[in-house]
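Okay, so here's the structure we're looking at.
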Amino acid sequence: MYQGNPDREQHNAEQPPPSSAGGARETIIVVGQEGQVKQPQLERRKGKLASKFPLVNISRNLLLAYQSLGVVYGDLSISPLYVYRSIFAGKLQDYQTPEAIFGAFSLIFWTITLIPLLKYVFVVLSADDNGEGGTFALYSLLCRHAKFSLLPNQQAADEELSAYKYGFAGQSTSSLALKRFLEKHKKSRTILLIVVLVGACMVIGDGILTPAMSVISSMSGIKAAAEHLSHGEVLLLSCLILVALFALQHSGTHRVGFLFAPIVIVWLISIFGIGLYNIIFWNPKIVSALSPYYIIKFFRVTRKHGWMSLGGVLLSVAGTEAMFADLGHFTACSMRIAFSFLVYPCLVVQYMGQAAFLSKNIASIPNSFYNSIPDSVYWPVFVIATLASIVGSQSIITATFSIVKQLNALGCFPRVKIVHTSRNVKGQIYIPEINWILMILTLSVAVGFQDTILIGNAYGLACMTGMFITTFLITLVMIFVWQRNIALATCFLLFFWFIEGVYLSSAFTKIPQGGWVSLVLAFVFLFVMFVWHYGTRKKYNFDLHNKVPLKWFLGMGPSLGIVRVPGIGLVYSELATGVPSIFSHFVTNLPAFHSVLVFLCVKSVPVPYVSPEERFLIGRICPRSYRMYRCIVRYGYKDIHRDDGDFEDLLIQSIAEFIQMEAVEPQCSSSETPSFDGRMAVISRKTVQSTTTLIVSEDFGMSEAIQSSKSLTLQSLRSAYADENPQMRRRRVRFQLPENPGMDPAVRDELQDLIQAKEAGVAYIMGHSYVKARRSSSFLKKFVVDIGYSFLRKNCRGPSVVLNIPQISLIEVGMIYHV
């Protein structure tokens, strides 16, 4: 149980939440079923101890390594289809010599070795956030170790979540000055968020470009073998495959995932065998190109044109970012095993084999992969290549869904429908709106360019920009989370920024030849994110500065000067403290409210997952006689807001448990103290299930729920609604007070009022807001708020739909926000 004053939400929304590294902290008391004090960090410490001995779980890691091949490495493993063709496109066609082929392979080899193997496998995979990876995992770690967060409704109580603590508690002297400088300037925090959002935009861009690139590349094999097919027919076949790919997304990765790993394994073994055959049969001397000396020779001859060809070389590492983004589904050890012992050697041998073939067959460069396949195995390899390209596309589409989900939790993306496609794997989700938008944009790219060279230019720019941003964020994690020396972190930054910067500068030269697509897509998505985040923060600031003062409640008395009708009113608000302005707006126009009021805040916290035992924070507003409570429901940035069907019942039990705890434990008693808002308790589901505060009985159907209402009109309306919605006929819970003569009479009366209010019915009160810019605002602000933000709000999911609120019990209060 958490007890203290977590009501330290920023009264100025521009100020960040308190850092976990210092400052005043609150008291934590974890109370179990028998009253003993528990240690919430015990399980996490055991996990860390087990992670030091990976050999104990070697069988589990091998199984996860097998599964990761189908989910993570599909995109990376299909790059041999188009890399050499992209390298020798453009002006490098004049340098198609065996020496240039050797130099190109040497470039590919060292690029794969330095970026995926050295940087990602040995460094980046270690920067997990409680097992989660990706750009937002790094941002979450930074926000918890420094005051970088721009999430407005964070509390000090959030720092006591078991998943919140990570790494070292203190700060080294070398990083303290830099930390204070970045925390002091709000612009630095805004720039950090923009950098994270740009990285997210590039991942979404990958989700658009990867399917078009991979499918069209694999289809080029059928045109090479069946010359009678026209270019338009091959393009039509590619589009049909893309439509089928996106149409299958609704079934979920778990239903087709069992096919993915075998396909990728067969593909990797196939390209390994083909590469080995080509090395032996065509030119065994290609082994000498492993020396970086051939890179020097390559640039000595090609000069500027060789630098411009690096945009094609970087396609060999496209898909590397998925290794880190999909870390939450696996373990770092399993992904290291899969890449180091299978993916890496197979890719190296395949690229070496293609180079050996091309060194003796220069004219085959435009279709290097398929021409290097022996005739006897051509069609089987073509079928496997097509299936592998679909698998590679699937992985980046799934990653895009996860990115959008995390953006939504950050308040940087409009509300969308999120479907959880697996009961066993948390991260497998499906977003219908995003899926069809991706399909339309992917088909537009495929039909508009019809050439893998142009698509590859945009593809490479998006991939390298994402890697460039990851390097920057990893450096900050080294300084603020891992407590490494700034000089060491700077060396890491400069080394990889130099390598990636050279590739990125080459990719920028391809902007006129298709690279502009990545920039346009990134700009569009970034504009949507900025508009939504800006409008959301302005709306929150309005609520924050127009809260109803508690003095008004205390002056009105327990009845609040209005009629208190039977029932429970759940008032939804984004505020974690205080009473929202929609409440005063409601009672001003309709002077009646429910006998029990619960101010409910559903918010995201900067951790990947919040355990059910820590999800609910329960507290009281005003003295006991007012019957007003506060409930804060906390979700992580990768949690799914599910409709478990028992939210109302769990909420009632949690409030009852809080009432009982408040009476039993002296430190919980706050109803007669000057602070009537802010002292809250963590009520775990296990505690609720084991409590004897209320007697719970269950039955099924809607008949008793309908008859419990005193209004005949409401009974008939609910009956008609139940007839039209058979899914509403579900389990119903009835509460009763136990026979306990020793119970405090005041507590018994409060619990009895709570039970009677529940029997009378529950109403959900939510604001239906219209956000408008003030008349004195600038033209740009009016455009962003009145046009951009209003358009997004009208065309996205409503908050009641996202929060699974039953429409029959919903009351919306209209308000105009002048921001």
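Numbers here mean position along the shown chain, with the first residue as 1.
A Cβ is built for glycine as well, from the same backbone N, Cα and C atoms used for every other residue.
Unlike curated records, TrEMBL annotations are generated automatically.
Features reported for this protein in TrEMBL:
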| type | residues | note |
| --- | --- | --- |
| COMPBIAS | 1-12 | compositional bias 'Basic and acidic residues' |
| DOMAIN | 64-554 | domain 'K+ potassium transporter integral membrane' |
| DOMAIN | 566-818 | domain 'K+ potassium transporter C-terminal' |
| REGION | 1-25 | region 'Disordered' |
| TRANSMEM | 102-122 | transmembrane segment |
| TRANSMEM | 190-209 | transmembrane segment |
| TRANSMEM | 229-248 | transmembrane segment |
| TRANSMEM | 260-282 | transmembrane segment |
| TRANSMEM | 307-325 | transmembrane segment |
| TRANSMEM | 337-357 | transmembrane segment |
| TRANSMEM | 377-404 | transmembrane segment |
| TRANSMEM | 425-447 | transmembrane segment |
| TRANSMEM | 459-481 | transmembrane segment |
| TRANSMEM | 488-508 | transmembrane segment |
| TRANSMEM | 514-532 | transmembrane segment |
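For the domain 'K+ potassium transporter C-terminal' (566-818), the model's pLDDT averages out at 77. Listed stretches 102-122, 190-209, 377-404, 425-447, 488-508 were compared with the transmembrane segment (229-248); the greatest number of C-beta pairs under 8 angstroms is found for 425-447. For the transmembrane segment (102-122), the residues of the chain that approach it from at least six positions outside its boundaries are 76, 83-84, 87-88, 286, 288-295, 297-299, 301-302, 306, 309-310, 313-314, 316-317, 320, 323-324, 335-336, 339-340, 344, 347-348, 351-352, 354-355, 359, 467, 471, 496, 499-500, 503, judged by C-beta separation under 8 angstroms. Only residues 6 or more beyond the boundaries of the transmembrane segment (337-357), in the same chain, are considered here, and those with a CB under 8 A from a CB of the stretch are 61-62, 65-66, 68-69, 72-73, 76-77, 79-80, 83-84, 101-102, 104-105, 108-109, 112, 116-117, 121, 265, 268-269, 271-272, 274-279, 282-284, 286-287, 289, 316, 323, 364, 368-369, 371-372. Within the chain carrying the transmembrane segment (488-508), a Cβ under 8 angstroms from the stretch's Cβ atoms is held by residues 111, 114-115, 119, 123, 307-311, 313-314, 457, 460-461, 464-465, 467-468, 471-472, 474-475, 478-479, 515, all 6 or more beyond its ends. Tertiary proximity for the transmembrane segment (459-481) is limited to same-chain residues at least six positions away from its ends with a CB under 8 Å from its CB atoms, namely 86, 115, 119, 123-124, 127, 135, 138-139, 141-142, 145-146, 166-168, 171, 174-175, 178-179, 195-196, 198-199, 202-203, 205-206, 209-210, 213, 311-312, 314-315, 317-321, 324, 488-490, 492-493, 496-497, 500-501, 503-504, 507-508, 510-511, 515, 518-519, 521-522.
Counting residues 6+ beyond its ends, the transmembrane segment (425-447) has Cβ neighbours under 8 Å at 207-209, 211-212, 215-216, 235, 238-239, 242-243, 246, 249-250, 252-254, 328-329, 397-398, 400-402, 404-405, 416-419, 455, 458, 517, 521, 609, 638-640 in the same chain.
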